[in-house]
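Below is one structure; the comments refer to it alone.
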Amino acid sequence: MRADWIAKRRGQANVSQMHYARSGVVTEEMAFVAARERLEPELVRAEVARGRMVIPANVRHPELEPLAIGITACCKINANIGNSAVTSNIDEELAKLRVCLKYGADTVMDLSTGGDIPQIREAILRASPIPVGTVPIYECLAHVKDVADLTPELMLEIIEAQAAQGVDYMTIHAGVLRDFIPLAAHRITGIVSRGGALMAQWMLANKAENPFFTHFEQICEIFKRYDVTFSLGDGLRPGCLADASDAAQFAELKALGDLTRKAWEHGVQVMVEGPGHVPLDQIPMNMEKERELCSEAPFYVLGPLVTDIAPGYDHITSAIGAAVAAQHGAAMLCYVTPAEHLGLPDIDDVREGIVAYKIAAHAADVARHRPGARDRDDALSRARYAFDWNKQFELSLDPDTARAKHDETLPHEAFKSAEFCSMCGPKFCSMKIHGHLAEAAAAQDAAANGEAEKPAGGLQVLP
């Protein structure tokens, strides 16, 4: 779809959406997302120019259908896929991608850490109409025996290779600084971000500052040539409730704000990653803190989980926090699956995580009164009251599961037009009872109106 749009920009030094927006240009991508979001194109341009909205759209990813991430857009969700050093299967990752597309993930991140990482990423990019993100440090590690052996040159080389391949956004852990490492020492769970832990290990081994930080402007130069969006990683995010909102987390967040503004000087798009594990009552404060420190750059949060006691159900514990975070301004939610803290998610875990987060994002859109956000809810409610079962299935977030649950107890096709379900049966269905009451009330009103109109209507013909 984007091939012709991209061709016009060939040879330009900066092809980022922010660069064009600041030049007063409404790109085709901006016009596309404006129509998609029911926004004016000029508003989209202004939000991208300001840095409050991003459109991750690498010029090497022509298969992409652009979308907007920001406070003025609908809340988006990301799904993570990718193999591990223990399991590596391209077909399985593509199957996961298809599940992501089927159930409505807005973006996908390839977090592969084993096998032929570039080959897996290439397959995902060429099959994905949604933005694809990565964490470059994972591939960097595949080239060395020990994290201490990483060099800034290798890291920049991998980043450039991924950008040239078409990656739309990258998690760069540039805010984990040497001075911040001791701040995490008192924590119950320490540093739980893989990227954050790896960079801390590198800094301690090399007695040097984080190379993502020291070479940040060189990364900006790469990103603006391809229009890669920064997803500034929260390497010091809290990994349990007890560690939430501590000095380490907010020291890094302040550094991420400084880096955000540095990237904007280069005309590069930025979103900022956030926690993690946060008690429910602290979530609004965390959202406000990000807006304040990061100049309103879009906030991309992992959950947050609001309790630590439910392994196997963390798609639920985190979706609760995600809904609150989105209501208070988070622009994108990174899903959590039932396998979180337990193992690599399979296809069923991916589906359950996406559905949980679609619910959270949608609930927040309704709460924030997004234009048209409640249309689907109202349509499904009307179908429910009319006992239009097939319409209810069609409008649901997960039609297959809705239909299967209904058919467990009422499997015959005749029950698709029944005015009851197996919960209440025909005798106790409240909606059916109310329907009869409404009909009776309407008939009574009609009769009363008829009686009232008789004197004004002239002679009454008696039977």
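Keep in mind that glycine also has a Cβ here, set from the backbone N, Cα and C atoms.
According to Swiss-Prot:
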| type | residues | note |
| --- | --- | --- |
| BINDING | ASN80, MET109, TYR138, HIS173, SER193, ARG194, GLY195, ASP234, GLY235, LEU236, ARG237, GLU273, TYR300 | substrate binding site |
| BINDING | HIS277, HIS341 | Zn(2+) binding site |
| BINDING | CYS421, CYS424, CYS429 | [4Fe-4S] cluster binding site |
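Feature map: Swiss-Prot annotations on the structure.
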| residue | record | contacts (Cβ under 8 Å, 6+ apart) |
| --- | --- | --- |
| ASN80 | substrate binding site | VAL108, MET109, LEU111, CYS334, TYR335, PRO345 |
| SER193 | substrate binding site | HIS173, GLY233, ASP234, GLY235, LEU236, ARG237 |
| GLY195 | substrate binding site | VAL135, ILE137, TYR138, THR171, HIS173, VAL176, GLY233, GLY235 |
| HIS277 | Zn(2+) binding site | PRO238, GLY239, CYS240, LEU241, ASP243, ALA244, GLY303, PRO304, LEU305, VAL306, ASP308 |
| TYR300 | substrate binding site | ILE69, ASN78, SER231, MET271, VAL272, GLU273, GLY274, ALA330, ALA331, MET332, LEU333, CYS334 |
| HIS341 | Zn(2+) binding site | PRO311, ASP314 |
| CYS424 | [4Fe-4S] cluster binding site | SER430 |
Binding-site residues (TYR138, ARG237, CYS429), the one with most neighbouring Cβ atoms at 10 Å: ARG237
Pairwise Cα distance maximum in Å, substrate-binding residues per record: ASN80, MET109, TYR138, HIS173, SER193, ARG194, GLY195, ASP234, GLY235, LEU236, ARG237, GLU273, TYR300: 20
Packing count at GLY235 (substrate binding site) (other Cβ atoms within 10 Å of its Cβ): 31
Three-class DSSP secondary structure - HIS277 (Zn(2+) binding site): strand
